[in-house]
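Trainee: If you look up TrEMBL, you'll see S12, H70, G146, F147, G148, G149, D177, G178, G179, G199, S200 marked as substrate binding site. Annotated divalent metal cation binding site per TrEMBL: H37, D39, H70, D177, in sequence order. Positions annotated as active site, proton acceptor by TrEMBL: D39. TrEMBL lists D177 with the feature active site, proton donor.
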Amino acid sequence: MTFDRKIRIAPSILSADFADFGREIRAIEAEGADWVHVDVMDGHFVPNLTFGPPAVKAFRPHVTTFMDVHLMIAPVDAYIEAYAEAGADMITAHVEAGPHPHRTLQAIRATGKKAGIALNPGTPLEAVDYLLDLCDMVLVMTVNPGFGGQKFIHSQIDKIARLRGMIGDRPIHIQVDGGIDPKTAPLVAKAGADVLVAGSAVFRGGSVDRQQVYGENIRAIRAAATL
Ligand code: DX5
Ligand code: ZN
């Protein structure tokens, strides 16, 4: 994957039909998804439980774009290899997941996968000051992680803009996740975000049998972000 800052839309399959992931993934890709975002939750770091490595491995053959795995788990280091082997293309860990995020990023890089670091809304940007050179992406959470369908937290726009300045020319994506829809997409894109995760705003109103709705939703977010 060559680096550029064009807007990418990464639907979160947290909002998909849990009984039909293969078809859901194929539907969003056919309708223009750039990446497939997989939210891994452990019921401890966040108050919800989702996908272990075997589930992610089962998604893999259906993904032809790029599988972006967001780990909301603590501790995280012990599971990195398993998610890498399951077929993640990018593994993102939270800076709050433990005392050694630097070691975590080294461990992700050691698997040969792209490495991301995520910040909760309450975490200051300074937490990534000394981590950026180990990162392919920084994820600025625009909701408190754990659930889809929450309200966008506006204070994070300033964090995105300051992060964009910190990154400068370095080939590091800025991802946003939580409450992204055609209303909030232009705000984060203008501040400097280039990878937009969206769950409810992509899957809303559609289904595998009405997948053109996914396409309309993806195009509406992309158009709003590229205005
Ligand atoms: C939140 C997850 C998100 C979530 C986004 O914990 O990391 O990826 O699915 O959902 P929406 O777009 O509905 O806010
Ligand atoms: Zn996520």
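Note: Cβ is positioned from N, Cα and C throughout, glycine not excepted.
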Trainee: For D177 (substrate binding site), just give me the three-state DSSP call.
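Mentor: The residue in question, D177 (substrate binding site), is strand (DSSP, three-state).
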Trainee: Under DSSP, is H70 (divalent metal cation binding site) part of a helix or a strand, or is it coil?
Mentor: strand
Trainee: Tell me the Cβ neighbour count for S12 (substrate binding site), meaning other Cβ atoms within 10 Å of its Cβ, over all protein chains shown.
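Mentor: There are 24 of them.
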Trainee: Starting from the Cβ centroid of H37, D39, H70, D177, the recorded divalent metal cation site, name every other residue in that chain with its Cβ within 8 Å, sequence order please.
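Mentor: Same chain, not in H37, D39, H70, D177, Cβ within 8 Å: A10, S12, L14, V38, D68, T92, L139, V197, G199.
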Trainee: List, in sequence order, those binding-site residues among G146, G179, S200 whose Cα sits within 10 Å of the Cα of D39 (divalent metal cation binding site).
Mentor: G146
Trainee: Check the binding-site residues G146, D177, S200 for any whose Cβ is under 6 angstroms from an atom of ligand 2, and report them in sequence order.
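Mentor: Result: D177.
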Trainee: Once near-sequence residues are set aside, which residues in the chain of G146 (substrate binding site), 6 or more away, have Cβ atoms under 8 Å from its Cβ?
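Mentor: Once residues fewer than 6 apart are set aside, G146 (substrate binding site) is near M41, V46, P47, N48, M72.
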Trainee: Please give me the CB contact count at 10 A for G179 (substrate binding site), counting all chains in the structure.
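Mentor: So the number of other Cβ atoms within 10 Å of G179 (substrate binding site) is 23.
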Trainee: What Cα-Cα separation, expressed in whole Å, is found between H70 (divalent metal cation binding site) and G148 (substrate binding site)?
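Mentor: Each residue's Cα considered, H70 (divalent metal cation binding site) and G148 (substrate binding site) end up 13 Å apart.
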Trainee: Please give the greatest C-alpha separation between any two of the substrate-binding residues S12, H70, G146, F147, G148, G149, D177, G178, G179, G199, S200, in angstrom, as a whole number.
Mentor: 17
Trainee: Between S200 (substrate binding site) and H37 (divalent metal cation binding site), how many Å separate their Cα atoms?
Mentor: 13
Trainee: At the Cα level, what's the spacing in Å between G179 (substrate binding site) and H37 (divalent metal cation binding site), rounded?
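Mentor: Here the two Cα atoms are 14 Å apart.
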